[in-house]
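Here the structure is laid out as structure tokens; the discussion comes afterwards.
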Amino acid sequence: MKFKADEISSIIKERIENFDLNLEIEETGKIISVADGVAKVYGLKNIMAGEMVEFENGDKGMALNLEESSVGIVILGKGEGLKEGASVKRLKKLLKVPVGEALIGRVVNALGEPIDAKGVINANEYRFVEEKAKGIMARKSVHEPLHTGIKAIDALVPIGRGQRELIIGDRQTGKTTVAVDTIISQRGQGVICIYVAIGQKQSTVAQVVKRLEEHGAMEYTIVVNAGASDPAALQYLAPYTGVTMGEFFRDNAKHALIVYDDLSKHAVAYREMSLILRRPPGREAYPGDVFYLHSRLLERASKLNDELGAGSLTALPIIETQAGDVSAYIPTNVISITDGQIFLETDLFNSGIRPAINVGLSVSRVGGAAQIKATKQVSGTLRLDLAQYRELQAFAQFASDLDEASRKQLERGQRMVELLKQPPYSPLSVEKQVVLIFAGTKGFLDDIAVSRIKEFEDGIYPFIEAKHPDIFEQIRSKKALDSDLEEKLAKAINEFKANHL
């Protein structure tokens, strides 16, 4: 078979025209040194700050330090097998994590990967971990309550949806318990909860997850865990991953609550990373931008305006203090960023007052607007009464004889302190709180021994539910106490006292 010359040339031309050259240019660099979860890389000239890279062993990394001749990259993994001379590839993208309904009920790591052995998460959407906080015009002032189910908080330091309320105290004062109680209390309220564990022991996180499962709270909760054994880079990323997941629900006109447990360990992880990256240390060896580290995180919690769907993201950051010192660097930073703080005290905890909330130092700067009218009515003077009681209590230690009015005030104060005690993992509905605080502030408990206050509390709820169910129903629907309802309530309390105490 003979080919004509022009046929051959036309075939060659056709092949050349249809030749599809798929050339992908990859920019790679070489590791100069690697230690403590940080790699120094030479050769990535065009890399961006915060850009993702891939190492030879498959681990991902994030570029944080851009220097003249090298790039400081934190390794988002174990970093096993990485050595000098290994190649590093630019991925030309920023870090994204999965968001959406598929994550609810799951335990994930700081990159959004499942670590609960329940299979793959099929997320429909991924979002950038570093997002800019919403501006002023996109927001609305906090006006809806977020009930924690804890009497002392809902009455004295109320939290609103979209608020940032700090929980601060020494170790072993019940900070995590307050946060977990708040999550349990959101059952049936349509609030998606995110619990971010930073630098915690795995056993502690497992305990929290177990507690949430026992109370059916994992049905609406996502747990993000960067444990004590995880690299500092993952501990640094975990809160940003959590808030990104929370923002998805907020932006879709839903309500979300996020707990950061705790930001002291987060700051320590960031300090560790910064020092290894040779960034200049400042006060307490923290880098200069440690304030920005937390402010950009906490500013992402907000209440959106009606045009954007009126969704909200409430943040409960936790800070651990040393010997009650709230004037240390990180505590003062976070106090100045948040809209109030709940201060837990070791002395109160040890004396059996639990939750160990110091009413004098705890404050909610915006939550008052979110409190329902009924709670406002019954707890209006409670903070002042408790403050006067504490003052009088200190004075009574030295004075042997007190006048009648002071003695009555002391006795009322003792009953109110007893009334605000609450066992862990047993949040109370608002209507029950209103009934109980009404009984205390209106003097119905003055003739009951302090040791029997718990008995009164345990009995009054089932009694009203059985004999006067309309009281709870009216508080729920009206969200306020009118004179008729107050009369009914007083009558029911007196009836219970006469028959059961």
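Note that Cβ sites are derived from N, Cα and C of the backbone, with glycine treated the same way.
Listed in Swiss-Prot:
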BINDING   Gly169, Asp170, Arg171, Gln172, Thr173, Gly174, Lys175, Thr176  ATP binding site
SITE      Ser362  site 'Required for activity'
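Distance between Cα atoms for Gly169 (ATP binding site) and Ser362 (site 'Required for activity'): 11 Å, as a whole number. On a Cα basis, Ser362 (site 'Required for activity') lies 18 Å away from Gln172 (ATP binding site). Least crowded of the recorded positions (Gln172, Thr173, Thr176, Ser362), judged by neighbouring Cβ atoms within 10 Å of its own Cβ: Gln172.
Its Cβ taken as reference, Arg171 (ATP binding site) is surrounded by 11 other Cβ atoms within 10 Å in the chains shown. Sequence-distant contacts of Lys175 (ATP binding site), defined as residues of its own chain at least six apart whose C-beta falls under 8 angstroms from its C-beta, comprise Ile167, Ile168, Gly169, Asp261, Asp262, Ile318, Glu320, Leu344. Within the group of binding-site residues (Gly169, Gly174), the Cβ with the highest number of other Cβ atoms inside 10 Å belongs to Gly169. Each residue in Glu320, Leu344, Thr346, Phe349, Ala356 lies on the same chain as Gly169, Asp170, Arg171, Gln172, Thr173, Gly174, Lys175, Thr176 and has a C-beta within 8 Å of the C-beta centroid of that ATP site, without being one of the site residues. DSSP assigns Gly169 (ATP binding site) to a strand. Arg171 (ATP binding site) sits 17 Å from Ser362 (site 'Required for activity'), taking the Cα positions as reference. Neighbour density for Asp170 (ATP binding site): within 10 A of its CB lie 18 other CB atoms from the protein chains shown.
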